[in-house]
Amino acid sequence: MDDPSRHLERVRRDAPLVQYITNYVAMNVAANVLLAAGASPAMVHAREEAPGFAAMADALAINIGTIDGRTAEAMPLAAAAARAAGTPWVFDPVAVGATAFRQETARGLLAERPCVIRGNASEIRALAGLESQGRGADASDAVAAAEDAARALAGRTGAVVAVTGPVDFVTDGERAARVANGHPLMPRVTALGCALTGLVAAFVAGGPRFEATLAALACFGVAGEIAAEGARGPGSLQVNLLDALHAMEPGTLDARARIDPA
Ligand SMILES: Nc1ncnc2c1ncn2[C@@H]1O[C@H](COP(=O)(O)OP(=O)(O)OP(=O)(O)O)[C@@H](O)[C@H]1O
Ligand SMILES: Cc1ncsc1CCO
Ligand SMILES: [Mg+2]
């Protein structure tokens, strides 16, 4: 594994344009996380323009957190346009196990070959077709219980699959690694996982996807740790996280990143 800071420095140098079709809860925090990391966010989701935008963006992310009839139509069109244009795209299958509508939407999106899938353990289990304890957007399964599902999903779809939680697990179907960064306050703030999905898109815009995904997870986790040092609770954690990402020194990231082969 190369130094995660190399990937962060590439994002800061290139300021990739990241189109993120995401949920209403995540829109603001995800855009701010992208800006703090040095990327350029664009929350463009209308059916009339999302596919055209995806063809010229540096990366696309799609998140089904608050899908409705219109966005469920726009998402596969944007994903198909990204695929045709060679724009890497990242999928966040929020609460995919909850309803048939989410499962059907996710099936259509997987057919458009995401380059990375990022979800919590319950979502990755459900997407792989296993029974999942998850009922909403929060994880109820342990990351370890989703590792086989992640490997199977990566093998079946060709995507890098990232399962996040206390220790994240990432696999491309052959290689696998764990990222032991982050803080228990992070899941107490809504949509930080969604924001991380956007960050993964920024990192894979110009880099090899397995390594870039690991770097994005480590960078976000280390920022969360630094943020928690001065936080009084979830509210100040979210504010501090933006500041920590913005101020992240390459040397600090490389020294604190805990990425190990699995
Ligand atoms: N208990 C924990 N300890 C340390 N870090 C954690 C913990 N739980 C989650 N994280 C970190 O929080 C970030 C978000 O991951 P999480 O798995 O909570 O996403 P999520 O469930 O999709 O969130 P959401 O749907 O609310 O956006 C990741 O960087 C992850 O490593
Ligand atoms: C709370 C919530 N509900 C739908 S999406 C979302 C953000 C976390 O996934
Ligand atoms: Mg999520």
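The backbone N, Cα and C atoms fix where each Cβ goes, glycine too.
The annotation substrate binding site is assigned in TrEMBL to MET43, ALA191. Residues or ranges marked as ATP binding site in TrEMBL: ARG118, THR164.
Note: the CA-CA distance between MET43 (substrate binding site) and THR164 (ATP binding site) rounds to 23 Å. The Cβ neighbour count for MET43 (substrate binding site), using a 10 Å radius and every protein chain shown, is 17. For ligand 1, the neighbouring binding-site residues among MET43, ARG118, THR164 are THR164, by Cβ distance under 6 Å. In the three-state DSSP classification, THR164 (ATP binding site) falls within a strand. With a 10 A radius on its CB, ALA191 (substrate binding site) counts 23 other CB atoms from all the protein chains.
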